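S.K.: Okay, handing you the structure first.
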Amino acid sequence: MGFLKLLSTSLATLAVVNAGKLLTANDGDEVVPSSYIVVMNDGVSTAQFETHRNWAANVHARTRSLKGGESGPGKHFDINGMKGYSASFDDRTVKDIASDPTVKYVEPDMVVNATANVVQRNAPSWGLSRISSKKSGATDYVYDSTAGEGIVIYGVDTGIDIGHADFGGRAEWGTNTADNDDTDGNGHGTHTASTAAGSKFGVAKKASVVAVKVLGADGSGTNSQVIAGMDWAVKDSKSRGATGKSVMNMSLGGAYSRAMNDAAANVVRSGVFLSVAAGNEAQDASNSSPASAPNVCTIAASTNSDGSASFTNFGSVVDLYAPGKDITAAYPGGGSKTLSGTSMAAPHVAGAAAYLMALEGVTSDKACARIVELAISSISSAPSGTTSKLLYNGINAQ
């Protein structure tokens, strides 16, 4: 399915050791050897942060001869005051790092992979018509002509084929934290961006789209790469003067990660709406990140008969459902493809957020609540404890 996840056999919560600061992955979680995400205490100043990073580099330099190969502090981030960095350390050094009183916690970096896509050849796409009608079976997508104009959508994914005709020149390349290839060699990112803002396949047909590549052509990456992309997008939104008028779609996730959840929460606090796929494991989404992060809009997948998709995650952290089974959208090379997954559901909501921001002037911090307010109670088979709300754009269509 289209959901991008952390490859693991267990989604149990990370155990906490070393006075609550050095987190350890459970057996079965696929960690990057000797690689970590270091998160600083709230309120640490830029000067204190730089002092710590210099100290960490010196500590690492003194101990790396014990094992070799580790590179020390790497990319750093500052997401709305959440400061930290990714690093490659030996065991002795990481314990020293965790003991620093300015460090909040250290978490192992983990691998991110794409799950297999479910493809139905030449299947019709029904998602757009469904979100503009209070009843199932509609064939037309009805929307206001503002169509997300003036709103920026960041696609944090495998990249975007920005030259695809479905974007009509509204897509641009932002950054790449995954590799040195500024293309979408996977297709997932182009599909999700098209669902959010494509001229033919998208919800917000006039919104701008920015590619934030955090996963490679094979759909693989790390939490640290994803967080680096989120950090870049928040800073770019501020530089554009688009705070409160920006949307981020993350059709990815996996095993619970405190660092990922903290980063996601800070994205929202910074003034960027964040739509997140609930996951495709048919389990409680509270076990997944960033689906379980506070203040994000967590989206489950529905079918064209208003059922809860068999694969979708569920539970109290789900804010609403959106179409996620057999969704057709743009694909690299100028064509289109039909895919299924909560990855397909989340960008419907990202597009709806951009649509309502342009139409009603809703700010990013209020967008999820407004979307839930407009949603209709149509999901007949929602698991116990899960909302029955389905995305609706509020247009007066039947």
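One is the number of the first residue shown, and numbering goes on along the chain from there.
In case you wondered, yes, glycine gets a Cβ from its N, Cα and C as well.
The shown structure was predicted, so the numbers you read here are calculated from the model rather than taken from an experiment.
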S.K.: Given the ranges 27-34, 163-170, 283-290, 379-386, which one is assigned the annotation region 'IgE-binding' in Swiss-Prot?
M.R.: 163-170
S.K.: Under Swiss-Prot, the annotation region 'IgE-binding' belongs to which of these stretches: 69-79, 124-134, 333-343?
M.R.: 124-134
S.K.: Of the ranges 40-48, 58-66, 310-318, 319-327, which one does Swiss-Prot flag as region 'IgE-binding'?
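M.R.: Residues 310-318 are the ones Swiss-Prot records as region 'IgE-binding'.
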S.K.: Please report the three-state DSSP label of SER343 (active site, charge relay system).
M.R.: helix
S.K.: Could you break down the residues of the region 'IgE-binding' (124-134) into DSSP helix, strand and coil, giving a count for each?
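M.R.: Split by secondary structure, the region 'IgE-binding' (124-134) comes out as 5 helix, 0 strand, 6 coil.
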S.K.: Return the residues near ASN249 (N-linked glycosylation site), defined as same-chain residues 6+ apart in sequence whose C-beta is under 8 angstroms from its C-beta, sorted by sequence, else 'none'.
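M.R.: In sequence order, ILE153, TYR154, GLY155, VAL156, ASP157, THR192, ALA193, ALA196, SER275, ALA346, PRO347, ALA350 meet the Cβ cut-off.
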S.K.: Please report the Cα separation of SER343 (active site, charge relay system) and HIS188 (active site, charge relay system) in Å, rounded to an integer.
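M.R.: Checking the Cα atoms of SER343 (active site, charge relay system) and HIS188 (active site, charge relay system) gives a distance of 9 Å.
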S.K.: Taking the Cβ of ASP157 (active site, charge relay system) as centre, how many other Cβ atoms lie within 10 Å?
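M.R.: Its Cβ shell of radius 10 Å holds 32 other Cβ atoms.
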